[in-house]
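Inspection log for the structure reproduced underneath, given as structure tokens.
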Amino acid sequence: MASPVAIAAQAGKLLRERALRPLLAVRSQAGHLTPRRWLNLQEYQSKKLMSEHGVRVQRFFVANTAKEALEAAKRLNAKEIVLKAQILAGGRGKGVFNSGLKGGVHLTKDPKVVGELAQQMIGYNLATKQTPKEGVKVNKVMVAEALDISRETYLAILMDRSHNGPVIVGSPQGGVDIEEVAASSPELIFKEQIDIFEGIKDSQAQRMAENLGFLGSLKNQAADQITKLYHLFLKIDATQVEVNPFGETPEGQVVCFDAKINFDDNAEFRQKDIFAMDDKSENEPIENEAARYDLKYIGLDGNIACFVNGAGLAMATCDIIFLNGGKPANFLDLGGGVKEAQVYEAFKLLTSDPKVEAILVNIFGGIVNCAIIANGITKACRELELKVPLVVRLEGTNVQEAQNILKSSGLPITSAVDLEDAAKKAVASVAKK
């Protein structure tokens, strides 16, 4: 059996890896990319799911108007009320509305104030560090009972590839950046590996509750909540359920105060109700258009469009462009099961961006057939009358056939032997202008 120190170190490593996964955020040398999860739930939606599965959360209502917010505050009849703007981006507390109101999270004891604040939130844009400069329009607010927290802990359930199954990770130090805790105090990180076939054992839930510092009757409460969170994790096909803080109140209740839930996109066919909750209103129109064709698109500030298959290769392409003195205009992931029509639509999206001065295609054909890519490229170039330089690097399945298609097309397409060569040629084509 591994020592407690080894387990803590492994759990800390898992948390740091979790922070780097594309489901949350990806940092590239080319800039800060924040890929939107293809299913992204608002805070109130996550809490509703938890509540429906027996997990204890604060009492709350959702309001679409200031009048509804006022009525909700009265119905709560709470000592103190917290009003939260509902957007997907983080940093709401320090955000600023274009109505002049500062802060997307407010505490008050007066229901009247809730109505007044909601009037300055709903229908206005809230700008935070994670939104575009102009902010994101707030369509709903959450009116919740504000509970005192006497102690904060951290709890997460996530998939661990090294274990080939779910793992529960916890720390008695919650309400803070858990990656920092894992790095500075790994002994405060605890881990329970769950057998996917047997499920969570009561002894595991009790042990985690004890490691989080819950004592007496609170220990049983915490273990019960941990078990319910695990069952929720399985039932909704989550890849991660993170509760921070997972805390206790002065009245002796264990409550999940805030939660982030990530889902397995491949489970959409059996989680239709959950996926129907996805709010795409905060997306850029081009992102929604890309999603119609199973393309993943993220706009950036540069002038070299990237057309790539696979998120990892897309990030590497952005980095190489940056290292060669260029700036990527986007992050476009074509994915695996490619059709010629997708290639055509991808080019339509890329050429619709007025910032784009060159296009770099970087495809590694494992599942992808390079010949299909080549046919899609030539069709797009002809029908869209492409006016910007096009650099193409293809490698893998049917690459020779693909190269012959490009060569015989008679189109002004620049071929590249590898990614470095492609990036240099794309950057040079823009520099000539």
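Every residue number used here counts from 1 along the chain in the order it is shown.
The backbone N, Cα and C atoms fix where each Cβ goes, glycine too.
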* Structure fact -> GTP site partner of GLN58, GLY91, ARG92, GLY93 according to Swiss-Prot, chosen from LEU147, LEU155, LEU158, is LEU147
* Structure fact -> Among ASN303, ASN309, ASN324, Swiss-Prot assigns to the substrate site of GLY366, ILE367, VAL368 just ASN309
* Selected residue, Swiss-Prot feature N6-acetyllysine, from candidates LYS191, LYS219, LYS379, LYS425 -> LYS219
* Asked: Quick one: which of LYS102, LYS109, LYS201 has N6-acetyllysine in Swiss-Prot?
  -> LYS201
* Asked: Between SER46, SER162, SER408, which does Swiss-Prot record as phosphoserine?
  -> SER162
* **Sparsest-packed among the binding-site residues, when each Cβ's other Cβ atoms within 10 Å are tallied, from ILE367, VAL368** => ILE367
* Asked: Between LEU147 (GTP binding site) and GLU80 (site 'Important for substrate specificity'), what C-alpha distance do you get in Å?
  -> 8
* To do: Return the maximum Cα to Cα distance in Å (whole number) over the record's GTP-binding residues: GLN58, GLY91, ARG92, GLY93, LEU147.
  => 20
* Check each residue in the chain of GLY366 (substrate binding site) that is at least six apart in sequence and keep those whose C-beta is under 8 Å from its C-beta; list them in sequence order. => GLY396, THR397
